[in-house]
Every structure is written in C-alpha cells, then in structure tokens.
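Peer 1: One structure follows; several queries about it will come next.
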Amino acid sequence: MVSKRKAPKQESSEPEADHDAGAAQHPRKKERLDLNAPHPNAQQTEDFGIVLREFYPPEMSNERCQAYNDGTIERPIQTLEKACHETTDQVRDLSAGQAVVHWFKSDLRLNDNRALHMAYEIAKENHVPLICLYILSPEDLTAHIASPARVDLTLRTLQLLQRDLAELDIPLYMETQEKRKDIPGRIVELLQQWGANHLCANIEYEVDELRRDAKLVRLCAEKNIDFAPSHDTCVIPPGALSTQQGKQYAVYTPWYRSWLAFLKGNPDYLELSEKPGRNPGDARQKLSELFDCQLPATPENKKLTEQEKKRYEELYPAGEHEALRRLEKFLEKKAREYNDKRSIVAGEHTSVLSPYFASGALSARTAVVTAKRSNKNHLDRFDDGYITWISEVAWRDFYKHVLAHWPFICMNKCFKPESTNIEWEYDPDQFQAWCEGKTGFPIVDAAMRQLRHCAWMHNRTRMVVSSFLSKDLLIDWRRGEQYFMENLIDGDFASNHGGWGFGSSTGVDPQPYFRIFNPLRQSERFDPDGEYIRKWVPELRDVQGKAIHEPYERGAGPIAEKNGYPRPMVDHSACRERALAKYKKALQK
Ligand SMILES: Cc1cc2nc3c(=O)[nH]c(=O)nc-3n(C[C@H](O)[C@H](O)[C@H](O)COP(=O)(O)OP(=O)(O)OC[C@H]3O[C@@H](n4cnc5c(N)ncnc54)[C@H](O)[C@@H]3O)c2cc1C
C-alpha cells in the first residue's frame, strides 16, 4: 500500500502541464515561461511522429527536465502519495458496504497479486462478496501505442481470468470507456452502484496512470470510499532503495547490490500473496448479471489479421497457468545454462516470459522466489545460471524505479536530456528500411523480421538494432522506441525506454556513446553459424559458411542479389565516425 506518511513537502507545480490528455491547451503562467517553452527540436520530433500531439503537448525543454531533478516540479508518484496522505482522515465511519472491488490493470492474475489479495481479505472479514473490474480504454491504448499483439494477449488473458474467477464465484465485470479521463468517475459510479466502500488496485508507475490514480484517490475520498493503491509489480517498490547520499541510483550494479541486501534484510518482500478464496454462497445469485459480462471488443486500430491472431495464440498461449508452466520448464531445463547461452540468438535459451510479465500474468516476485528455490534457496550464490536470471528479472525493477524517479523519460525525453540536442537524422526511407529488415546488414534484418513475425525479439538483437538505428543511421532513437512499443507483445514502457537508452547511450547506465556496436562482430559472435539469420532472412538461406554475416563482401553477392537481398545501406565505419562527432558535439555543449 502507498505509505500515507511519505507525502512530499514541495507544492505541486502544474503537474498536468507536461503529459496528460488536453494538457496542450493549458494556459502557461508567465513566470514559468522558461520551463514551459518547448524544446528547440520540438517541431521535428512532432513531424517525425515521435510526440503524439493528439494527446500530449510539444516536446518539453531540457530545463523542465532539470526542474524535476531539482524537485521544483512534483513527480507523479509524489502526487499519488500526497493524494493518499491528504485523504487519510477524510474517509470516516466506513462500513463494509455490500461488496469490495478489485480493479485489474496490468496485473491479470490470481496468484501473488497484492491488491487482489487485500481486496479478498477485506471482503472475507466483512462477509461480503469480492467483485473484480476491468476497464478498457481505446484512447489509452492509442496514447500508449500498445501493440495489437499486446492488446490481443490482454484480452485472451482476461477471458481466462474471468473463467478462473467464476470458479470461485467471483465475477469479473468488464467494460469499455472510450475516453480515459472518464475512468475515475466511472469507477466511483460503479462502486456506488454496487454499494462498495473499498476499492483495491495495484500501482502502475507511468505518468498518466499515477496521475489518474491520484485523482481517483481524491474522488473516492469525497464519496467516503477507501482506496489505497498497492505496490505490486516490482519486487521492491520504487523509492525504497537509495545511495548513501539518499539519491536514486542511476547505475545498475550498485543498485542491484542494494536490491539484494534489501531482500536479505526484508524477506517479507518475497512472501507470495495467496490467491483469493471463494465468494460467499449467495454471491452468484446477488451478482448474477455481473457473471455474464462480455469481453470488451478489440478497438478498430488494434485488430490483428486472423493469421496473426492464430500465430500469437500458438506462440504465446495466454494466462497465468501458461506463465507458471513456462517458468517451471525454463528453470528446470534451461536456467542452469542461461549464463553461457543467453546471448546466443538462435534457438531458445531464455525464458520468453516477458509477454507474461507485461500482461501481469506472472509476478516478478513469483519468478524470483521460484528461481531462488530452484537454486537451493540462494539469491546470490550457488548456480550462476539462476543468479544471472534473477539479476535479469531485477533489471525490470531497476527500470521501473528509474521511471518513477525521472518521470520525464515517460514524456519523450531521456535520462540525459542534453542528448535530445544531438542532430538526429529524420530520414523516413532509412527508417522504413530498418523497420522492414532491409538494411543489408543480415543480423539487423533477421532481428527486425523476427519482431514482425513474433512480436518479440531476442535481447541481444534488441541491443544491436537499437544501436544500429541510433548510431549507424543516426535516426532519433525515440522513433525506434515507439516502433518497438507499436509491435512488441511484451511492450513495457520502462524496460523499453531503458533498453533504448542503453543502445543509444542516452539513458541510465548506458553503454558509453563511443562504444558503438559493430553489426558484423555481433553477428559473428552471437550467431556464429548464421542459424538465426537463415531462419529469418530467406533470401540468404542458401549462403554457406561465414559469408552469411556479410554476403556481398564474402563472395555470396550473386546469391544475395539473385534473391533480392539489399546491399548494406550504409558504411559502418563512416557512420561510426559521424555518430562519434555528433554525440561529442551535443554532449560537450
Ligand atoms: C532496445 C530494447 C528494448 C526492450 N524493450 C523491452 C520491452 O518493451 N519489454 C520488456 O519486457 N523488455 C524489454 N527489453 C528487455 C529484454 O530485451 C527483454 O525483457 C527480454 O529479451 C525478454 O526475453 P525473455 O523473457 O526471454 O528474457 P529472460 O532473459 O528470460 O529474462 C527474464 C526476464 O527478465 C527481464 N529482463 C531481462 N532482461 C531485461 C532488460 N535488459 N531490461 C529489463 N528487463 C529485463 C524481463 O522481464 C524478462 O522476461 C528491451 C531491451 C532492449 C535492449
């Protein structure tokens, strides 16, 4: 639950002026002109489709990012904490009411779900039924560029969740709210309709979501409804770990050491919440109409073709049963070798659990606890494979901590705002070639085609293609970040931004800008036999041996040409020099 004692001291400073529906129309205060002036390149980012002006204001200035760092502007997580703190005493003489409600967001599971567990406990204690709620907002999905594959997985997961809940006589009520700004009001309306005085939900750390929940906390308090959002998605909640100077870590390794130490001292953070039990006997009768609820329709702009739908159903069967099955299988069969093989891109040496973390079918706690158990109960020693895997799951926590502390990264800025001064190229043809996997760099093309086919890509190649776009092509990395969200089934804002920040050297703990991935070396190292390339680039299937890594240079040009495989679109060495010069110029200003 959000601590009611941690409210920030500073005053709110137009929290909505950055990144919220309709914020673009907000009147600007005169004395804040500096902070509110858009970034000088704002028009370019808008023209290149990076800033979605239908939903958000122009790209903010670097000074405004600095104001977040200085604490002059309230962070959205503080806005939520403040709302909780200031409404603590407002909710009085609370009776149990006729039901308790759990609002599902991206936590679509029964097992180890903190808020769901709390809702069930309150309901049980008061002998009233638990009602579960899900609201789909097409506007939210558009604004957050959720991929059709991810929306499809969410809907398939909801269907199974509804079935599992019904077995416990718990209804899952689902509806569509076109406009996301209507969600808090609609939830309160439903709570009143159902006579519920308690609402439980887990926190999502993205900016719009934190501000929405802060509004809901206040709205609930006005109606004498208790709503205390819970921390659930991270093993350790954002804000709980800080450096000796009391600051947020921006480097992973010391953060991870502190993460491990915290868990050693606070083992309760690894306690799994039980899934809810059965609703009281008369719940089915009393709430009969809620049990017949239809799955929300897929929004028009998120529909898959029949072929894609079938493919994703086969690749990623939905729901928590599948997630737990995959987890067990991975830990039993592959985790031991994870350390040695995780970067090999051919075959499947990683867990491919990211779609399940993203939809909330699997909790990070469950993953860590189960891996720890497989590792004979150690978090930090015994078998390298398990330890490395746990440390990868921890990256997910790390990036969410970063997001909560530096919320402007959710607003098309990067951790190092000065990097937005780099003179990026905005070349639509080159960008298109990258998207289609027609760059002439086999490893890049294989990866981009894997993404198109599977809505997923191996971590190593995510690094390769993000580096290629931002450094070889010098295309604004935010367009690539967006393209990933538009296409990944595991699209997760914090991890995606973190990964792009790493590849483009603009984020926390990035690779230094002068370390530029050489696609050829990456290909030779992580796909030594070219198996991955042959799988995803059929034009090169007949190319023998090492020529697969650069067919035109190694004597396989005729085959490549005959099959229509393009020549390399750029010269890597020249691009490298150009990137070094441009990065240096921008970062030394
Ligand atoms: C440019 C770029 C974009 C990315 N975008 C996303 C994204 O949108 N969603 C997403 O979940 N991951 C993203 N990642 C991180 C990582 O690539 C995927 O989590 C991983 O490939 C998923 O495969 P897996 O489940 O088999 O991972 P495993 O290797 O089995 O790891 C287990 C879990 O640990 C977490 N994890 C592993 N590596 C990372 C990492 N580098 N950062 C954060 N979490 C990690 C994931 O939850 C993953 O499922 C991105 C990485 C890069 C470089």
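The backbone N, Cα and C atoms fix where each Cβ goes, glycine too.
The annotation FAD binding site is assigned in TrEMBL to TYR338, 350-354, TRP389, 392-399, 490-492. Annotation source TrEMBL lists compositional bias 'Basic and acidic residues' at 8-21. Per TrEMBL, domain 'Photolyase/cryptochrome alpha/beta' is recorded for 98-235. Residues annotated as region 'Disordered' in TrEMBL: 1-46. Annotated site 'Electron transfer via tryptophanyl radical' per TrEMBL: TRP424, TRP477, TRP500, in sequence order.
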Peer 1: From the recorded positions listed here (ALA394, ASP490, TRP500), select those whose CB sits under 6 A from an atom of ligand 1.
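Peer 2: Passing the 6 Å Cβ check against ligand 1: ASP490, TRP500.
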Peer 1: With TRP500 (site 'Electron transfer via tryptophanyl radical') as the reference Cα, tell me which of the recorded positions TRP389, TRP424, TRP477, ASP490 is the closest one.
Peer 2: TRP477
Peer 1: Could you please provide the mean pLDDT value for the domain 'Photolyase/cryptochrome alpha/beta' (98-235)?
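Peer 2: Mean per-residue confidence for the domain 'Photolyase/cryptochrome alpha/beta' (98-235): 97 out of 100.
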Peer 1: So if I measure Cβ to Cβ from ASP490 (FAD binding site) and keep only same-chain residues at least 6 apart in sequence, which ones fall under 8 Å?
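Peer 2: Result: ARG150, SER354, PRO355, PHE357, ALA358, TRP456.
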Peer 1: Provide, as an integer number of angstrom, the distance between the C-alpha atoms of TRP389 (FAD binding site) and TRP477 (site 'Electron transfer via tryptophanyl radical').
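Peer 2: About 27 Å separates the two Cα atoms.
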Peer 1: Check the DSSP secondary structure of TYR338 (FAD binding site), expressed as helix, strand or coil.
Peer 2: helix
Peer 1: Which of VAL352, ALA394 has the fewest nearby Cβ atoms, counting only those within 10 Å, among these binding-site residues?
Peer 2: VAL352
Peer 1: Going by DSSP, give the three-state secondary structure for TRP424 (site 'Electron transfer via tryptophanyl radical').
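Peer 2: Once the DSSP labels are grouped into three classes, TRP424 (site 'Electron transfer via tryptophanyl radical') ends up as coil.
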Peer 1: Just the number: how many Å between the Cα atoms of TRP477 (site 'Electron transfer via tryptophanyl radical') and TRP424 (site 'Electron transfer via tryptophanyl radical')?
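Peer 2: About 9 Å separate the Cα atoms of these two residues.
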